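Enquirer: Right, I'll just put the structure down here and ask away after.
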Amino acid sequence: MKQKICLELHHKEALPQIELVIDNDSSIISTQTTQDSVGIEKSIKNMALPMLTKFHAGYFRISLALCSQALLWKTLGHPPDNAHAYRRMLGMLPSTAFILLWSLALLTLLSLSFLYTLKCFLNFASVKDEFLNHVGVNYLFAPWISCLLLLQSAPFFTPNTLFYQLLWWIFVLPILVLDVKLYGQWFTKGKNFLSTVANPASQLSVIGNLVGARAAALMGCKESAICMFSFGMVHYLVLFVTLYQRLAGSDRLPAMLRPVFFLFFAAPSMASLAWISISGSYDNASKMLFFLSLFLFMSLVCRPKLFKKSMKRFNVAWWAYSFPLTVLALCSTEYAQEVKSSEAHLLMVILSVISVLVTLVLMVFTAIHTDLSSQALNSRPSADLILTTSRSSTDEL
């Protein structure tokens, strides 16, 4: 649309007519473009918010499981020269399968990290609530534990490289910051005393320090490894005694989160692996931690009723089964290599097979329920975009 303005100027002599042409089309187009972009941003935000509201740090259980599996496959894929026949059998796993698994673990971790970062920008209030939740805050350790596990299983570089050491510092610093926050409030004044907030998920904070200690020991930083190991073990002893006593308030865990009880044997298993890397040998301390892990594992397996309610309907909390089983299988691998008996190697094979099968089953269930969630999304605009079956995101933590 154009507007023409004609001005006739008369000054002594008739001057030529001046014609000014004002073009409003460009301004209208730019206004429409701005409105369209704002509308698109609102549409994207409206579509993303329901998904991000249901998304929480508990979904990093998936990356924990896959990253620990990658470490298990790397360990089994490199048997020593004097390995037992069972160990050589497991060492026949194709290297291509390990590369694919490691890549899948990396892709999963990056995807979950992107979603959680997006949630921090679009729904920070929910992230703050999760940070203040006595269960949810522990899963803020999970992405950094996953990063450290993925770093230890990386097929492209070794622990003695500068890149490895730089990544170690990047992944460990958030764990140390969370340590100061979490451990500090356990023994200082306030509402969050350990006896009131302790729950099985609290062991993730211990596992984070132990995984960091093992990674530090592998790259030769023994002082850093001992430092992180001491942080983890001292607080593990206090936490284990608190949980074992079942003090009032320390057992506040929804029934659907019962799979988290498997972390009871994940912590001593990781402690055994970390101490092997620090000491350089499988000594009696490592064996004691491994035997404790086996005892706690058998204690939980012999009580299936404990997990009955949580198994009625699929939930992302099921992924809590995989990571502890994988760490226990890793620990049994080191034990079998030390004692060199057929019984120990048979135990290693059994635990490794169980770990792999559980992870595969969880992947299948996750894929099925993701597909069902997509179908529900097409039929109902308000359906959840995340594979979840619980009524509230807080309970899923």
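Note: Cβ is positioned from N, Cα and C throughout, glycine not excepted.
TrEMBL lists these features:
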type: TRANSMEM; residues: 96-118; note: transmembrane segment
type: TRANSMEM; residues: 139-157; note: transmembrane segment
type: TRANSMEM; residues: 163-184; note: transmembrane segment
type: TRANSMEM; residues: 224-244; note: transmembrane segment
type: TRANSMEM; residues: 256-276; note: transmembrane segment
type: TRANSMEM; residues: 288-306; note: transmembrane segment
type: TRANSMEM; residues: 318-336; note: transmembrane segment
type: TRANSMEM; residues: 348-368; note: transmembrane segment
Enquirer: State the non-local partners of the transmembrane segment (348-368) in its own chain: residues 6+ outside its ends, Cβ under 8 Å from one of its Cβ atoms.
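Expert: Distant contacts of the transmembrane segment (348-368): 62, 65-66, 69, 72, 76, 86-87, 89-90, 314, 316, 318-319, 321-322, 325-326, 328-329, 332-333, 335-336, 387.
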Enquirer: Cβ under 8 Å, sequence separation of at least 6 from the ends of the transmembrane segment (318-336): give me the contacting residues as numbers and ranges.
Expert: 61-62, 64-65, 68-69, 71-72, 75-76, 84, 86-87, 257, 259-260, 262-266, 269-270, 272-273, 276, 282, 286-287, 289-290, 293-294, 297, 310-311, 344-345, 347-348, 351-352, 354-355, 358-359, 362, 365-366
Enquirer: Taking contact to mean three or more C-beta pairs under 8 angstroms, with sequence separation of 6 or more, is the transmembrane segment (163-184) in contact with the transmembrane segment (139-157)?
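Expert: In contact, yes.
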Enquirer: Excluding the flanking five residues on each side, which residues at least 6 beyond the ends of the transmembrane segment (139-157) place their CB within less than 8 Å of a CB in that stretch?
Expert: 56-58, 60-61, 63-64, 67-68, 70-71, 73-74, 98-99, 102, 105-106, 109, 112-113, 116, 130-131, 163-164, 167-168, 171-172, 174-175, 178, 201, 204-205, 207-208, 211-212, 214-215, 218, 397
